[in-house]
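Scroll down for the structure; my scribbles are underneath it.
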Amino acid sequence: MSRVSQARNLGKYFLLIDNMLVVLGFFVVFPLISIRFVDQMGWAAVMVGIALGLRQFIQQGLGIFGGAIADRFGAKPMIVTGMLMRAAGFATMGIAHEPWLLWFSCFLSGLGGTLFDPPRSALVVKLIRPEQRGRFFSLLMMQDSAGAVIGALLGSWLLQYDFRLVCATGAILFILCALFNAWLLPAWKLSTVRTPVREGMRRVMSDKRFVTYVLTLAGYYMLAVQVMLMLPIMVNDIAGSPAAVKWMYAIEACLSLTLLYPIARWSEKRFRLEHRLMAGLLVMSLSMLPIGMVGNLQQLFTLICAFYIGSVIAEPARETLSASLADARARGSYMGFSRLGLAIGGAIGYIGGGWLFDMGKALAQPELPWMMLGIIGFITFLALGWQFSHKRTPRRMLEPGA
């Protein structure tokens, strides 16, 4: 086996272990934020939405800067620094009793993510061969789902005792992850050339096809981020207990572990990437529309199940498209900018979703936020269809297995 092949194989295992630690650390804390501050402390949902939206926008919106810096200086220092910064954010969150302190903790958490997320994504593109990326992204997403359930279960159990224990556990996991990277991650370059920060950013911004694709996905992310805000609140409201939230993540894990990889393997040779992305988005949009009208957990979990199936269909295609469009001369910059749609959509989804949720309660129209999200999903579906027309998008990007 050549040294390059050996490095790729070892790199796969490193990426999987690293991803599991990051997912566990994140999901121990973040799914419980809305329950802690809205249901337990009585804050308005929009206040928590601002905090979550701020974290999302800082992490993803500034990702191009984190990626460009990683292109210049390498992945390792950015990843280690970012993970320690997120640990500090979680520690601060544990003592947050005023909105400004929660916002500051989410700012720290997001800034840490800005530093470590783009280089981690670029390492996947660097270490995984193009023909294997779709399946590897599916494995990562299966791992994300399992880690989400384990993290949410652990966080829900700790929340019975003290929210500070929840935050301390998340912080410890990110400190462990920082040590793991500091010890084992080689000083790899992300790009084929050591690209200056400004040059990497310029290269991305001049790629109109990539920019359009990323910005169009903002509507997709407005729906996707509700698993952290409105869906946990809805489950808690109907069940009357935050313990029921763990079953929401259990549903996601079961569906992902049983369906994600088989669907990706089966569909990659039969359907074009844009068809898979759009089909998943359509299912997600349809499942959102009736959520505000359900009256029991069985109905709600059925719709959540449909939402997750849509995500299982869409996510591998979305990640593969983003990776396939990245210029090898500026991988970090491209993968950082690819998060901008999540920054915009996530911020609007959290803040706007929280505001609509409060408004729906005030007007006695609980279906209002869910109807709006469904409509946004349909608009995004049409926008993607327009973008993916043959007149606008090169065929190579869309072929099965691309």
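From the backbone N, Cα and C atoms, a Cβ is placed for every residue, glycine too.
Residues or ranges marked as topological domain 'Cytoplasmic' in Swiss-Prot (evidence: sequence analysis): 1-12, 117-138, 186-213, 265-276, 321-339, 389-402. Residues or ranges marked as transmembrane segment by Swiss-Prot: 13-33, 99-116, 139-159, 165-185, 214-234, 244-264, 277-297, 300-320, 340-360, 368-388. What Swiss-Prot lists as topological domain 'Periplasmic' is 34-98, 160-164, 235-243, 361-367.
Across the topological domain 'Cytoplasmic' (321-339), the prediction's mean pLDDT works out to 70. Taking pairs at least six residues apart, the transmembrane segment (277-297) and the transmembrane segment (99-116) share fewer than three Cβ pairs below 8 Å and do not count as touching.
In this chain, the transmembrane segment (214-234) lies apart from the transmembrane segment (139-159): fewer than three C-beta pairs between them fall below 8 angstroms, excluding pairs fewer than 6 positions apart.
139-159 is the stretch from 99-116, 139-159, 165-185, 244-264, 300-320 with the greatest number of Cβ pairs below 8 Å to the transmembrane segment (13-33). The residues of the topological domain 'Cytoplasmic' (265-276), classed with DSSP into helix (H, G, I), strand (E, B) and coil, number 8 helix, 0 strand, 4 coil. If you look at the transmembrane segment (139-159) against the transmembrane segment (340-360), you find fewer than three C-beta pairs under 8 angstroms, all six or more positions apart, and that falls short of contact. Residue counts of the topological domain 'Periplasmic' (361-367) by helix, strand and coil are 2 helix, 0 strand, 5 coil (DSSP-based).
Each residue of the topological domain 'Periplasmic' (235-243) gets a DSSP state, and the totals for helix, strand and coil are 7 helix, 0 strand, 2 coil.
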